[in-house]
Each structure stands twice: as structure tokens, then as C-alpha cells.
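Working notes, beginning with the structure itself.
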Amino acid sequence: MRVVFAGTPEPAVPSLRRLIESANHEVVAVVTRPDAVAGRGRKVTRSPIGLLADEHGIPVLTPVKASDPDFAAELARLEPDCAPVVAYGNLLPQNVLDIPKYGWVNLHFSLLPAWRGAAPVQAAISAGDEVTGASAFRLEAGMDTGPVYGVMTERIRDTDTAGDLLGRLAENGAALLESVLDGLEAGEINAVPQSADGVSYAPKVTVDAARVRWELPARTVDRHIRAVTPAPGAWTMIGDLRVKVGPVTVTDETLAVGEISVRKDGLYIGTATTAVRLGQIQPPGKKLMSAGDWARGARLDAEVRAQ
């Protein structure tokens with residue numbers, strides 16, 4: 001099958017790599033976001049998908065907008081049988097969706113119709129879901145509403161950060177995506193409309209939304225921090241200092257909401273239920289470090305609170 005792959009960030013890499021190595025499919029081009037300025041050095045950086053394509057000599061298309069007529073013309077010239085998509089990051093107009101013979105097959109990291117949107121992994125952890133997964137579905141104009149070809153499930157571990165879980169979903173979802181393309185080519189697979197029940201949404205997590213709310217129960221605080229780790233990163237104010245915080249451990253200790261207790265094994269902060277132990281913290285301009293060591297060095301006043 002002639003394939004044009006669309007994707008941008010690191011979680012899309014396992015799927016592209018698997019298709020490149022597949023004996024059944026030929027990746028004739030890759031579509032990714034344009035090179036962007038990133039990092040402290042403000043260097044122009046190629047996307048992970050663009051870099052992988054370059055390694056294998058695969059042509060790379062980087063339209064600023066997928067509605068660009070030149071992009072549609074180039075895509076049509078390639079005559080793709082199918083266009084798999086993993087976290088591409090651009091909306092595709094209908095004339096572009098109509099070009100591949102089998103359409104665009106999107107790998108979405110949730111069990112649709114649950115958690116449609118930009119942050120399904122973060123939403124599943126934050127909500128306390130025990131199981132999530134990935135869905136391969138036919139892309140259409142609506143947001144993650146297309147009929148589903150297949151799913152795979154993944155149990156959410158008690159210590160999973162969004163980065164941990166996304167890594168497993170990206171690897172296991174790649175196998176699902178390849179099997180769906182195999183089934184489409186063989187005429188052995190059909191898409192099933194999504195249920196109207198169980199629909200939920202997962203909008204992009206903003207930096208403001210990543211702030212820790214210590215007035216919530218300890219388990220909720222724990223899930224929230226893991227859900228926004230590594231990006232955009234959980235943060236809080238300690239006094240007048242804004243710091244990023246790493247995952248926490250729920251304890252049986254009792255402290256007032258936002259109250260801080262510095263101990264040998266870390267920094268304890270009170271929530272609406274019990275205290276949580278914070279192992280690592282990242283002050284402004286610094287690397288991640290031991291929260292206890294930082295607090296002892298900072299010599300926090302007794303009345304200082306996390307908020």
C-alpha cells in the first residue's frame with residue numbers, strides 16, 4: 001500500500017518507524033509541521049517525524065496550512081492509497097481528506113468516544129481511569145468523531161505520568177495502526193460508528209490549568225501532577241516563588257491545606273485530606289532537585305504556604 005504518513009512529535013515516531021520497516025507498505029512521503037524555533041538557543045528545529053523521514057530519504061511536506069492548494073496538488077500527485085495520522089497538529093480540509101483511496105486513518109490515544117481532543121492521556125490519568133488505550137479511526141471533519149477500525153487497551157498504573165503512559169500507547173498503538181492498514185488493503189476490516197454514549201472531551205492543558213490546587217483531596221492532587229508531567233509541568237507558588245513540582249506520594253500525615261513540613265525524606269504539603277510528600281522540585285532557572293534539600297537551603301519561614 002502506498003502511504004503518506006502525517007505526524008509531528010515523538011509519540012508519532014514508533015508508528016512511522018513500523019510502517020517504514022513493514023514489508024506490506026511503502027511510505028512515499030511524510031507530512032509534518034514546519035521547522036520551528038525551539039530551545040534556549042532559539043535554533044530552528046526539525047520535528048521528530050521530519051528527522052526520521054530524512055534518515056530514510058523519504059520526501060517531507062511541511063505545509064503551514066493544510067488548506068494550501070499546492071499541498072493538495074502535491075498530495076494528489078503522490079497517489080496515496082492511505083494516509084495514517086498520529087498527532088499531526090493541523091486541521092485537514094475535506095478536499096484533502098478525500099484524496100487517499102482509503103482516506104486518513106488517525107491513531108488517537110484514548111478509547112473513543114472517551115476523551116476526544118488534544119490531551120486524552122492527561123485527561124485519563126487526571127480522571128482516575130483504570131484503563132485507557134488507542135483507537136484507529138477514519139478521519140472526518142468532526143473532532144475525533146469518525147468511525148473506528150480497531151482499538152487496543154492499556155492499564156493505567158498508579159505511578160504513571162502522562163509521559164510514561166503515552167510512551168507505551170505510542171509503541172503499542174503503532175502495531176494497531178499497522179494491522180488496520182493491513183486489514184484495509186486486504187478488504188478484511190470495516191469501520192464501526194462511534195457510540196453516542198460515553199462521549200467526553202480532553203482539551204489541551206494550559207500552563208495555568210497545570211497549577212496544583214492543594215485544596216483538593218490528596219489522590220486528586222497526585223493524579224493531577226502525574227497527568228501534567230512532563231508537559232506542561234505541574235507548578236505551585238511557595239511564598240512568592242513559582243516552582244515546578246514532580247510527582248508526589250500520598251501519605252497518612254495530616255497538615256492544613258498548603259501547609260509545608262520539611263523532613264528528611266522530602267517536603268510534605270497539606271491537602272484537603274492527607275499530606276503528600278514531594279520528592280523533587282524545580283526552582284526558576286534551576287534543574288530538578290531534591291525538594292527537601294531545596295527547602296532546607298531556602299530556609300522557609302514557618303508561615304509560608306504552598307498555593
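Please read every residue number as a count from 1 along the shown chain.
Backbone N, Cα and C define each Cβ position, glycine as well.
Feature annotation from Swiss-Prot assigns (6S)-5,6,7,8-tetrahydrofolate binding site to Ser110, Leu111, Leu112, Pro113; the stated evidence is sequence analysis. Around Leu111 ((6S)-5,6,7,8-tetrahydrofolate binding site), a 10 Å sphere centred on its CB holds 21 further CB atoms from the protein chains shown. Leu111 ((6S)-5,6,7,8-tetrahydrofolate binding site) falls within neither a helix nor a strand when secondary structure is assigned with DSSP, and so counts as coil.
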Spatial neighbours, same chain, of Ser110 ((6S)-5,6,7,8-tetrahydrofolate binding site) - Cβ under 8 Å, 6+ residues apart: Arg116, Pro120, Val121, Ala123, Ala124, Thr132, Gly133, Ala134, Ser135, Ala202
Taking the centroid of the Cβ atoms of Ser110, Leu111, Leu112, Pro113 ((6S)-5,6,7,8-tetrahydrofolate site), which other same-chain residues have Cβ within 8 Å of it? His108, Ala114, Trp115, Arg116, Pro120, Gly133, Ser135, Asp144, Val148, Val151, Gln194, Gly198
